[in-house]
Amino acid sequence: MAVLLALFGALVLSGGLCVNQEERLIHHLFEERGYNKEVRPVASADEVVDVYLALTLSNLISLKEVDETLTTNVWVEQSWTDYRLQWNTSEFGGVDVLRLLPEMLWLPEIVLENNNDGLFEVAYYCNVLVYNTGYVYWLPPAIFRSACPINVNFFPFDWQNCTLKFSSLAYNAQEINMHLKEESDPETEKNYRVEWIIIDPEGFTENGEWEIIHRPARKNIHPSYPTESSEHQDITFYLIIKRKPLFYVINIVTPCVLIAFMAILVFYLPADSGEKMTLVISVLLAQSVFLLLVSQRLPATSHAIPLIGKYLLFIMLLVTAVVVICVVVLNFHFRTPSTHVMSDWVRGVFLEILPRLLHMSHPAESPAGAPCIRRCSSAGYIAKAEEYYSVKSRSELMFEKQSERHGLASRVTPARFAPAATSEEQLYDHLKPTLDEANFIVKHMREKNSYNEEKDNWNRVARTLDRLCLFLITPMLVVGTLWIFLMGIYNHPPPLPFSGDPFDYREENKRYI
């Protein structure tokens with residue numbers, strides 16, 4: 001029991017000594033030396049503090065096209081040397097590193113300059129590591145919402161170049177000098193600058209909509225601003241990302257193309273169905289709905305029209321032309337000889353030339369001299385007979401009926417009339433009413449056949465116009481669809497992040513100092 005108490009006392013004593021050493025060190029640095037966090041860590045006012053910066057990307061959360069905002073989860077790595085925080089480890093029990101609150105130290109106050117929500121600083125102020133050499137290392141996490149101008153030219157087959165621009169709003173280029181982080185290559189033992197955004201494969205979460213193509217980092221010097229200005233220098237991290245278009249291809253592009261090709265089916269639909277205008281108007285309304293959906297996903301900009309917007313406008317113009325064509329076709333189809341007279345050029349072009357060029361079948365023609373057989377109902381014949389009798393005068397009909405009623409026609413004596421007629425004349429007198437009725441019916445049937453034939457010619461003109469527009473609209477739709485979408489499919493990000501710079505800014509190709 002005594003041995004256990006002795007061991008426990010030794011552990012407590014050793015822990016207390018360690019804590020006391022850190023407390024004594026902190027008291028020595030901040031109280032005895034009189035550390036002032038408001039003063040830059042330089043021996044003289046003309047010296048410049050070198051601040052090194054690096055960015056580790058944990059997650060590309062989203063890119064909101066409407067707000068033009070890039071949301072990222074990052075770690076902002078900052079390091080510098082503060083000569084006032086140096087100590088001899090042998091004097092403080094071998095303590096070589098301190099973990100201090102950021103409020104206790106001088107900070108370069110580096111912020112995200114192109115933020116889009118008014119939050120310039122990091123979200124969480126974690127502890128700062130201070131080493132005995134005066135080296136200060138700070139790695140705070142942050143969720144940044146940065147401004148990213150969207151180029152909608154090739155949406156949804158687009159790529160974007162977004163930036164995270166860091167600078168110090170409190171100190172100018174004469175007070176601090178910003179650099180990219182420097183590391184040492186263990187193989188060559190040479191130093192190099194980290195000229196890219198760091199991505200840890202184990203801690204990085206892939207984005208389902210965007211693919212990172214390039215992620216370079218640069219220090220930018222702006223000679224147009226004086227060194228006394230905070231805008232003279234900055235460290236900018238670039239994210240060149242390409243959209244994964246599968247979602248939009250499945251949900252917008254494919255339905256748009258299928259609905260667009262439904263518009264040409266209107267030329268196959270017979271005019272007598274009465275559904276031609278219904279079909280084409282439905283297609284036009286569907287395209288309008290898709291255009292509204294696309295406009296809600298993109299920023300309200302007048303700089304460019306997105307690729308899918310160009311296609312929808314092209315389809316709407318084409319469908320509008322189809323609506324006009326359908327109106328003309330229906331007008332031709334329901335024309336009659338009583339309202340319109342077909343001109344010779346219309347007859348020659350639409351009944352002779354175009355049907356032959358379009359390989360349209362001609363209606364079967366009756367042989368020369370063959371009677372035209374038409375189906376007529378008995379009611380029609382009765383109506384025509386009644387029309388015949390209505391043509392004759394009432395006096396003639398009354399005389400005939402009265403003669404038949406009183407038998408005068410059979411009791412005519414040769415004494416009161418002229419000599420008896422021949423048998424041919426008597427037969428002619430009996431057959432004349434029947435022949436007149438037959439001639440009237442034949443005349444009417446000829447007029448009806450001529451009327452129907454002319455109406456059929458107008459129907460053939462409408463069908464020819466339908467077939468002609470089918471052969472014209474279909475290639476236009478196919479070529480327009482391929483041309484517009486091939487522009488987007490072959491829209492790739494540049495092979496190098498910066499035009500004119502042969503360096504690719506990747507870990508595999510380090511530039512040694």
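Just so it is clear, glycine is given a Cβ too, placed from its N, Cα and C backbone atoms.
Taken from Swiss-Prot as is:
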type	residues	note
SIGNAL	1-18	signal peptide
TOPO_DOM	19-244	topological domain 'Extracellular'
CARBOHYD	Asn88	N-linked glycosylation site
DISULFID	Cys148-Cys162	disulfide bond
CARBOHYD	Asn161	N-linked glycosylation site
TRANSMEM	245-269	transmembrane segment
TRANSMEM	277-295	transmembrane segment
TRANSMEM	311-332	transmembrane segment
TOPO_DOM	333-467	topological domain 'Cytoplasmic'
MOD_RES	Tyr388	phosphotyrosine
TRANSMEM	468-490	transmembrane segment
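Across the structure, Asn161 (N-linked glycosylation site) and Cys148 (disulfide bond) place their CA atoms 7 angstrom apart. Stretch with the most C-beta contacts under 8 angstroms to the transmembrane segment (245-269), considering only 277-295, 311-332, 468-490: 277-295. For Asn161 (N-linked glycosylation site), other Cβ atoms within 10 Å of its Cβ number 16. Taking the C-alpha positions, the distance from Cys162 (disulfide bond) to Asn88 (N-linked glycosylation site) comes to 45 Å. Within the chain, the transmembrane segment (277-295) has long-range Cβ neighbours (under 8 A, six or more residues past its boundaries) at 155, 252, 255-256, 259-260, 262-263, 265-266, 269, 306, 308-309, 312-313, 315-316, 319-320, 322-323, 326-327, 330.
Around Cys148 (disulfide bond), the C-beta neighbours below 8 angstroms that are at least 6 residues distant in the chain are Leu63, Glu68, Thr69, Leu70, Gln160, Cys162, Thr163. Other C-beta atoms found within 10 angstroms of the C-beta of Cys162 (disulfide bond) number 22, with every protein chain shown included. Around the Cβ of Asn88 (N-linked glycosylation site), a 10 Å sphere holds 7 further Cβ atoms from the protein chains shown. In the three-state DSSP classification, Asn161 (N-linked glycosylation site) falls within a strand.
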